[in-house]
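Copied over from Swiss-Prot, here are the features:
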type: ACT_SITE; residues: CYS90; note: active site, nucleophile
type: ACT_SITE; residues: HIS177; note: active site
type: ACT_SITE; residues: GLU179; note: active site
type: BINDING; residues: SER231, GLY232, GLY233, VAL234, ASP235, SER236, SER237; note: ATP binding site
type: DOMAIN; residues: 13-203; note: domain 'Glutamine amidotransferase type-1'
type: DOMAIN; residues: 204-393; note: domain 'GMPS ATP-PPase'
Amino acid sequence: MFKIMKDFTEQEKIIVLDFGSQYNQLITRRIREFGVYSELHPHTITVEEMKALNPTGIIFSGGPNSVYDEDAFRADERIFDMGIPILGICYGMQLMTTHFGGKVERAKDREYGKADIHVENPSRLFAGLPTDQVVWMSHGDLVVEEPAGFEVTATSKSCPIAGIADEDRLLYGVQFHPEVRHSAYGNELLKNFALNICGCKGDWTMENFSEVEIAKIQEIVGDKKVLLALSGGVDSSVVGVLIHKAIGDQLTCIFVDHGLLRKGEADQVMATLQGEFNMNIIKVDAKKRFMDKLAGVSDPEQKRKIIGNEFIYVFDDEANKLDGVEFLAQGTLYTDIIESGTATAQTIKSHHNVGGLPEDMQFKLIEPLNTLFKDEVRALGTELGMPDAIVWRQPFPGPGLGIRVLGEITEEKLEIVRDSDYILREEIKNAGLEREIWQYFTALPNIRSVGVMGDGRTYDHTVVVRAVTSIDGMTADWARIPWDVLEKISVRIVNEVDHVNRVVYDITSKPPATVEWE
């Protein structure tokens, strides 16, 4: 491993152990909000591996199991003897309880939802917090007898032991979920743990992150060349600017314009990244190549496959024209690492077939963002001096407008989606809602309807407006856009976009629907 990686072991951090809770990522994100670096690791981590990480504190997450199940998730019990602060949340508290000789039993009724707790014995965990507060419960078991050396710190009507603490050994447990927004003072409780109990300074910022990453990239790459597939999206753009700041023209970006981008997107990407940041970008006009392959294709999965494969072929063709490239950069995020089942992020590894690239493309992979969440990537982009138009660009699927035109793709349909989407984004911005709505776009379903425009009957396309609010995209709710804003959007689309006589608003949440239509 490269010498520069010592920065990670010296950095104060809180490790979250994954016991299967749906809120695991939230715990990590909350800790990071206090300026403390945090990572999610599997519960199977050994004490030796944990010591190598050199954590300042550890959090045991919740989980769906009972501690008495035969296949219940366990932790290396030696972790309790490391002498550093540990916080057990829900299942984590029950695991801590049984380890130290307390008693856990099945609750008469599973408790799920808001509950009122009373803080009886204020430990350092509850310092400065109200005696009575609302929390979020989600458990089927409960602690009925605290272990020796522990005190009960909080109670509720249905849960007599809602919190425990052993101040001497810096061991704490809560039966509720402080990481969930429904817990009124959950953030303050986690902040007490991170800053007051663990003693973290809270100095992890995007400024020092970028400084460390630039130094890592310089040491790892040396005088070699790096190749980046630039999509124009937030992740690849931030990766490009970060690496360019580190190694300058040793970075070459390939930007494939497949003709499925949003209005003005290709020009904006080139003007910003090449014009303002002086990045070395090879723009490939592959619009005809993609449209020829997509002619007559209406099945969404087939469209995805064609677009994905053709992108690979175009990228491969251009990469083969370059000499001396040793590294491939990729905009992998921490979410991707977690969802792939490997919560151990490495800065560099051998590249064989990442993202479906040809197996004979033997690059080393460099992923500078693989410890960051999406909101942190945006913050990093701002820190790097990137304009809001790029940093706050709307999430955009890999196949682009190819899956926002339902059915067969034609140039006419693409223009309808481009123009209507541009109007939507303009009106959302005018209404000051662009930071409030997580994602918004237009789609063109493969239907036409009768209308009346002027004095004549029309039979034209229907445009769907889709806008959702979300935290991480795993679930989403339809955005409550004010009626007057929706009216402006509808009127403008019908009047300014050719071949459209109807606009509808999708008010379906995820689940049951997905955010995209295809």
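Glycine is no exception: its Cβ is also placed from the backbone N, Cα and C atoms.
Everything Swiss-Prot records as a feature, shown here on the structure.
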{"residue": "CYS90", "record": "active site, nucleophile", "DSSP class": "coil"}
{"residue": "HIS177", "record": "active site", "DSSP class": "coil"}
{"residue": "SER231", "record": "ATP binding site", "DSSP class": "coil"}
{"residue": "SER236", "record": "ATP binding site", "DSSP class": "helix"}
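Close to SER237 (ATP binding site) in the fold, though at least 6 residues off in sequence, lie LEU230, VAL269, THR272, LEU273, GLY381, MET386, ILE390, ARG393, each with a CB less than 8 Å from its CB. Cα-Cα distances to HIS177 (active site) place CYS90 within 10 Å, out of the recorded positions CYS90, GLY232, GLY233, ASP235.
Compute the center of the Cβ atoms of SER231, GLY232, GLY233, VAL234, ASP235, SER236, SER237, which mark the site for ATP; besides them, the chain residues with Cβ within 8 Å of that center are LEU230, VAL238, VAL239, GLY331, ARG393. The average per-residue pLDDT of the prediction over the domain 'GMPS ATP-PPase' (204-393) is 85, rounded to a whole number. There are 23 other Cβ atoms within 10 Å of the Cβ belonging to GLY232 (ATP binding site). For the pair GLY233 (ATP binding site) and GLU179 (active site), the C-alpha distance works out to 30 angstrom.
Of CYS90, SER231, ASP235, SER236, all annotated as recorded positions, the residue with the shortest Cα distance to GLU179 (active site) is CYS90.
Geometry remark: CYS90 (active site, nucleophile) versus ASP235 (ATP binding site), CA distance 34 Å. Just so you know, of the recorded positions GLU179, ASP235, the Cβ with the fewest other Cβ atoms around it within 10 Å is the one at ASP235. A C-beta separation below 8 Å, combined with a sequence spacing of at least six in one chain, links VAL234 (ATP binding site) to LYS374, VAL377, ARG378, GLY381, ILE390, VAL391, TRP392, ARG393, PRO395. The Cβ of SER231 (ATP binding site) has PHE255, PHE396, GLY398 as same-chain neighbours under 8 Å, each 6 or more residues away in sequence.
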